Amino acid sequence: MAQLPPGIRFITSFSRDQWYRAFIFSLTFLLYASFHLSRKPISIVKGELHKHCASQVELDSYKEYAAQIQPVKKPFNASQCGWEPFDKSNYKQLLGALDYSFLCAYAVGMYLSGLIGERLPIRYYLTGGMLASGLFTAMFGLGYFYNVHNLWFYIMAQIANGLVQTTGWPSVVTCIGNWFGKGRRGLIMGVWNSHTSVGNILGSLIAAYWVSTCWGLSFVVPGVIVAVMGVVCFLLLIEHPKDVSCSCTPSNSSKTFLNGASRCRIQMPTLNAKENGKPQDAEMQHLLTDSENCSVSLSSSTVATGEGRHGTSAISFLGALRIPGVVEFSLCLLFAKLVSYTFLFWLPLYITNVEHLDAKRAGDLSTLFDVGGIFGGILAGLISDRLEKRASTCGMMLLLAAPTLYMFSAVSKMGLEATVVMLLISGALVNGPYALITTAVSADLGTHKSLKGNARALSTVTAIIDGTGSVALGPLLAGLISPSGWNNVFYMLMVADACALLLLLRLIQKELQCHADHTLFKEH
């Protein structure tokens, strides 16, 4: 009998379940990357919406900036200083209003999206959202072709796009949570969450390609891509492994269920019961760790996470808030995402002002921040799996991020090489906690043991956490603060990082206490 070719041997070395999981992993990765691809053009096009006139030089002091702009305000028309109405001296405030109109609509819509998403088939819900998102993304670009200069047209396009894009995150997180068990969740989610950075990079490159010649296409092309991916979603997305007769958890999950993070939950109740005579704190039993209570068998946990979606009702909004850790991580993400989204929407313009590059080159250079974000998200997931401490991992990266931002504001003015290095480091430290909270932490909390196997809660919990984080005032504040100097914007970002860290202190303390109690038990 002839030996099988190497390629066929490779294919047959994986089971049917593993191939399905790899397919869903890749598909949801591409689906959400397309969402972020459509969010990035606005930051690239800002440098084209407002062009610096010949004598309109950006200065650190607001007084000096105002003195420069007044003499040139009248002689220049919209074609020379940018696209009306963004060609005026208050362009930063107007651009900040565009950012915040999107984020505010996204935040409000996210709270409703999770509740709606639990009650509708994910495939239909996500498909509808992607088609609508493609329409409203392209609508912004059509303002260029139809010569629209009304500010409210662009604000309404942003608001509509923000609302429909809320269909994406709860849907893909719920889907990936259905297909993958809790073993190595931090690493798996860290790799998967790089779709955010990949989407930002692709969006930057696509938008930068047309920004200097026809910025309308910087929106129309991403809009078409999102709509096409919506059709792909309708044709190929499988919501749950049971729909194709696959097992509900990966085959190696039993090993994870019996080791690692479970030790605190299995052994510590005995210690507490003997020494204190009190039931263990629910948060101490399951504080953002990688698996369910290990006293439950693999088969029974499969039933709980799989069939439970049909046998239980959707969780209420207040019920989701009562899950230990949801409020703390939601508020932490509010400040962590503030920093991340300020970079998302304002980094290219900052590079244009500091490095004096055109919009295309600034957009290309800004992708390095997202390259760093890919490594940061994977590193955060890997460390949190290793330490079995989600909150402590986030806290450690937030602690390092604040001084790094200060260094970035100082070093980036020294030259292009220094900017490249600081973009990579800052991207890793800023996006690491953001990625961990929105993926592994949300999935942990959405399948918390207090829910008793109600898998339908995952969408609501994810929406609450990401919705709260999306009330990101950073882009709006950046538009208001930047005229007084970019250094003040960085001070605002450092304060936000400090606030995010403070909000996690209680959970960090509980994780450390759990570790100390476990060490004490081992000594006994």
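From the backbone N, Cα and C atoms, a Cβ is placed for every residue, glycine too.
For the transmembrane segment (19-37), the residues of the chain that approach it from at least six positions outside its boundaries are 126, 130, 133, 165, 168-169, 172, 175-176, 179-180, 192, 194-196, 198-200, 202-203, 206, 222, 225-226, 229, 232-233, 236-238, 241, 244, 246, 250, judged by C-beta separation under 8 angstroms. According to TrEMBL, the feature transmembrane segment maps to 19-37 (among others).
What TrEMBL lists as domain 'Major facilitator superfamily (MFS) profile' is 27-512.
Sequence annotations record features per position, and here TrEMBL assigns transmembrane segment to 94-112 (among others).
Taken from TrEMBL, the feature transmembrane segment applies to 124-146 (among others).
Among the features that TrEMBL reports, transmembrane segment is placed at 152-180 (among others).
Residues annotated as transmembrane segment in TrEMBL: 192-211 (among others).
Residues or ranges marked as transmembrane segment by TrEMBL: 217-238 (among others).
Residues or ranges marked as transmembrane segment by TrEMBL: 326-347 (among others).
Within its own chain, the transmembrane segment (367-384) is flanked in space by residues 185-191, 193-194, 196-198, 200-201, 204-205, 343, 347, 390, 393-394, 396-397, 420, 423-433, 435-436, 439-440, which lie at least six positions past its ends and keep a Cβ under 8 Å from the stretch. Marked as transmembrane segment by TrEMBL: 367-384 (among others).
Summarising the annotation, TrEMBL assigns transmembrane segment to 391-408 (among others).
Panel annotation: around the transmembrane segment (420-445), residues 169, 173, 176-177, 182, 185-186, 189-190, 192-194, 196-197, 288-290, 323, 325-326, 329, 332-333, 336-337, 339-340, 343, 365-366, 368-373, 375-377, 379-381, 384, 390, 393-394, 397-398, 400-401, 404-405, 407-408, 411-412, 458, 461-462, 465-466, 469, 500 of the same chain, lying at least six beyond its termini, place a Cβ under 8 Å from a Cβ of the stretch. Under the heading transmembrane segment, TrEMBL lists 420-445 (among others).
Here TrEMBL flags 457-477 (among others) as transmembrane segment.
Marked as transmembrane segment by TrEMBL: 489-508 (among others). Outside the transmembrane segment (489-508), and at least 6 residues removed from its termini, the chain residues within Cβ reach (under 8 Å) are 283, 287-288, 325, 328-329, 331-336, 338-339, 342, 346, 350, 389, 391-392, 394-395, 398-399, 401-402, 405-406, 408-409, 433, 474, 477-478, 481-482.
Mean pLDDT for the domain 'Major facilitator superfamily (MFS) profile' (27-512) in the predicted structure: 78. Under 8 Å from some Cβ of the transmembrane segment (152-180) lie the Cβ atoms of residues 20-21, 24-25, 28, 31-32, 35, 38-39, 42, 97-99, 101-106, 108-110, 112-114, 117, 122, 125-126, 128-130, 132-133, 136-137, 139-140, 143, 188-189, 192, 237, 239-241, 248-250, 305-306, 309, 438-439, 442-443, 446-447, 455, 458-460, 462-463, 466-467, all in the same chain and six or more residues away from its ends. Most Cβ pairs under 8 Å to the transmembrane segment (457-477), among the stretches 94-112, 217-238, 391-408, belong to 94-112. Touching of the transmembrane segment (326-347) and the transmembrane segment (217-238) is ruled out by the presence of fewer than three CB pairs under 8 A, sequence neighbours closer than 6 excluded. Same-chain residues lying 6 or more positions outside the transmembrane segment (217-238) and placing a CB less than 8 Å from one of its CB atoms are 20, 24, 27-28, 30-31, 34-35, 37-38, 40-41, 44-45, 122-124, 126-131, 133-142, 144, 175, 203, 206-211, 244.
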